[in-house]
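These come from TrEMBL:
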| type | residues | note |
| --- | --- | --- |
| BINDING | N95, H100, E105 | oxalate binding site |
| BINDING | H98, H100, E105, H147 | Mn(2+) binding site |
| DOMAIN | 50-201 | domain 'Cupin type-1' |
| SIGNAL | 1-19 | signal peptide |
Amino acid sequence: MVVCLLVAILALTSSVVSAYDPSPLQDFCVAAKEKDGDPKLVKPEDFFLHVEPGNTDNPNNAQVTPVSVSVDQLPGLNTLGISLARIDFAPKGINPPHTHPRASEILIVLEGTLYVGFVTSNQDGNRLFTKVLNKGDVFVFPIGLIHFQLNVGYGNAVAIAALGSQNAGTITIANALFKANPPISPEVLTKAFQVDQKLIDDLQKKSWYDTN
């Protein structure tokens, strides 16, 4: 009985661990084009990237500039289990409610004032945790939970978000619901939101901008 219990625990642990980025088996594994795959050719530039401010001239008045693993962007990030994004906000700019299915996020404000928050799962009663952040403040968003950032200051705001996966993924809630491809049946959305179909039709016709 004890042996069976131990086997079950090990199996569960293995399945949980495999759901996240695996630990690297060497110092680094720089993403490279096949012809350039020799690790002896790795150079400092493979671990360096300059990030320009994002263009906030869009419907959300905000822009997320991700730093991701690619041959042309930051190949040295490959297999390290982390990623990063710069978020620029014009006044009243918003990074709308979204979730990262594969990573927690930690955010630090470099400039301005942000109203941030996340909503817990149904099992936890969908509690809302919010905070107003100023320059130097840090806030954590747990893995998979819906969260947002809104510029409530008088000027521009800038934040840096670090994510616990090299491929955290992003699901922007409004885009996923009203711009799914193919579209979600209006009957489903009408029933789910308990509104009339005209409102759903209008929302599905709307041009939803993806900040991420």
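Quick reminder: no glycine exception, Cβ is built from N, Cα and C everywhere.
Listed in chain order, the residues near the Mn(2+) site other than H98, H100, E105, H147 are T99, F118, F141, L145, I146, A161, A168, T170, each with its Cβ within 8 Å of the site Cβ centroid. Here H147 (Mn(2+) binding site) is positioned 9 angstrom away from H100 (oxalate binding site), judged by their C-alpha atoms. Looking at H147 (Mn(2+) binding site) and N95 (oxalate binding site), their Cα atoms lie 9 Å from each other. Around the Cβ of N95 (oxalate binding site), 26 further Cβ atoms fall within 10 Å across all displayed protein chains. A Cβ within 8 Å of the Cβ centre of N95, H100, E105, the residues given for oxalate, is found for these other residues of the same chain: A85, H98, T99, L107, F141, H147, A161, L163, A168, T170, N212.
The two recorded residues E105 (oxalate binding site) and H98 (Mn(2+) binding site) have their Cα atoms spaced 12 Å from each other.
Taken together, the residues of the domain 'Cupin type-1' (50-201) have an average pLDDT of 94.
Within 10 Å of the C-beta of E105 (oxalate binding site) there are 22 other C-beta atoms, taking all protein chains into account. Cβ neighbour count for H98 (Mn(2+) binding site) (all protein chains, 10 Å cutoff from its Cβ): 22. All protein chains included, H100 (oxalate binding site) registers 24 other Cβ atoms within 10 Å of its own Cβ.
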